[in-house]
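**Q** I have a structure here, written as structure tokens, and I will follow up with some questions on it.
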Amino acid sequence: MATATAAGCSGAVALKSLGGRRLCIPQQLSPVLAGFGSHAAKSFPILSTRSIATSGIRAQVATAEKVSAGAGQSVESPVVIVTGASRGIGKAIALSLGKAGCKVLVNYARSSKEAEEVSKEIEAFGGQALTFGGDVSKEEDVEAMIKTAVDAWGTVDILVNNAGITRDGLLMRMKKSQWQEVIDLNLTGVFLCTQAAAKIMMKKKKGRIINIASVVGLVGNAGQANYSAAKAGVIGFTKTVAREYASRNINVNAVAPGFISSDMTSKLGDDINKKILETIPLGRYGQPEEVAGLVEFLAINPASSYVTGQVFTIDGGMTM
């Protein structure tokens with residue numbers, strides 16, 4: 001396992017009012033729970049087994065092994081960059097793609113120990129991974145991150161823009177620094193990473209880009225003007241880039257999670273949990289693995305090759 005450094009947490013959704021209290025649930029704090037993939041199987045029938053979700057890449061890997069033994073040829077596994085991948089949703093995505101046979105660059109901003117653990121888990125499963133510490137809102141860090149992946153594995157096939165932060169506050173009290181920090185990481189970071197990775201994808205006329213947005217980008221939320229604006233921007237950005245890159249066979253989609261199980265939700269009182277769950281038709285929190293299952297489908301499943309410019313909500317029916 002290799003480690004690179006240069007300088008992530010994906011989003012949050014907040015309930016406007018819960019008995020006079022306001023609650024913000026950071027998605028990136030969502031832990032990868034035991035029984036990996038079990039929840040995804042229940043929620044996404046098309047991904048009801050890991051073999052369906054990853055049949056394309058695993059078939060390639062199996063074929064490569066046979067051909068290599070007989071004729072010295074091989075089929076390369078896809079190279080993936082996941083930003084903000086040290087914990088929560090990003091961690092679940094990195095593990096899912098790593099275990100599916102991809103080579104994964106695990107990006108982090110501060111949580112180096114957690115990122116190393118993600119890489120080790122991928123390697124323990126037989127995959128390849130490296131970590132890179134860098135701030136995706138800084139152009140020089142993004143360029144270094146892309147170079148690290150290319151130097152190690154020769155290319156970038158898939159980009160998952162997951163890194164993000166929240167700096168909540170009512171608009172009248174929000175400081176410009178709170179606004180700018182969220183916009184810089186959650187929106188400008190997506191722009192910088194996409195632009196850098198797309199240069200590589202365009203040359204070979206193939207690639208997949210998945211942006212992690214939020215239901216807040218669709219419906220807004222009091223106290224999160226900065227975050228809502230950034231995620232709405234990610235959604236508009238996704239659709240525009242999908243149009244620009246479609247002729248180069250680059251698929252660009254967004255995933256918009258709702259309330260996702262996290263360390264914070266596990267510590268909530270029964271009354272608060274009850275009020276939150278009343279807003280979710282399915283009556284439960286989502287799991288990081290469910291988001292990862294959807295991302296995996298969009299990233300490597302051949303059945304998603306005709307899907308681009310779409311926003312997939314995964315919120316238990318909260319915004320339908």
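Keep in mind that glycine also has a Cβ here, set from the backbone N, Cα and C atoms.
The transit peptide feature in Swiss-Prot is assigned to 1-61. For 82-106, the entry in Swiss-Prot reads NADP(+) binding site, with the evidence type similarity to another entry. The substrate binding site annotation in Swiss-Prot covers Ser214 and is backed by similarity to another entry. Marked as active site, proton acceptor by Swiss-Prot: Tyr227.
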**Q** Of these binding-site residues, Gly90, Gly98, which scores lowest on Cβ atoms within 10 Å?
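**A** Checked Gly90, Gly98; of these binding-site residues, fewest Cβ neighbours within 10 Å: Gly98.
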**Q** So which one is it: of the binding-site residues Ser86, Ser214, which has the fewest other Cβ atoms within 10 Å?
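**A** Relative to the other binding-site residues in Ser86, Ser214, Ser86 has the fewest Cβ atoms within 10 Å.
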**Q** Taking DSSP three-state, what's Ser86 (NADP(+) binding site) in: helix, strand or coil?
**A** coil
**Q** Would you mind checking how many other C-beta atoms are within 10 angstroms of the C-beta on Val106 (NADP(+) binding site)?
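**A** Total other Cβ atoms inside 10 Å, all chains included: 33.
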**Q** Using C-alpha atoms only, work out the spacing between Val106 (NADP(+) binding site) and the residue listed as 'active site, proton acceptor' and round it to an integer in Å.
**A** 24
**Q** Can you see whether DSSP assigns Ser214 (substrate binding site) to helix, strand or coil?
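**A** The three-state answer is coil.
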**Q** Which residue among the binding-site residues Val82, Ala94, Cys102 has the fewest other Cβ atoms within 10 Å of its Cβ, if you could check?
**A** Cys102
**Q** Just checking: which of Ser86, Gly90, Ala94, Gly98, Cys102, Tyr227 have a Cα that is within 10 Å of the Cα of Ser214 (substrate binding site), counting only these recorded positions?
**A** Tyr227
**Q** Report, as a single number, how many Cβ atoms besides its own are within 10 Å of the Cβ of Tyr227 (active site, proton acceptor).
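**A** Taking all protein chains shown, Tyr227 (active site, proton acceptor) has 29 Cβ neighbours within 10 Å.
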**Q** Sorry to bug you, but what's the C-alpha spacing from the residue listed as 'active site, proton acceptor' to Cys102 (NADP(+) binding site), rounded to the closest Å?
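**A** Here the two Cα atoms are 31 Å apart.
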**Q** Please state whether DSSP places Gly98 (NADP(+) binding site) in a helix, a strand or coil.
**A** helix
**Q** Closest of the binding-site residues to the residue listed as 'active site, proton acceptor', Cα to Cα, picking from Val82, Ser86, Gly90?
**A** Gly90
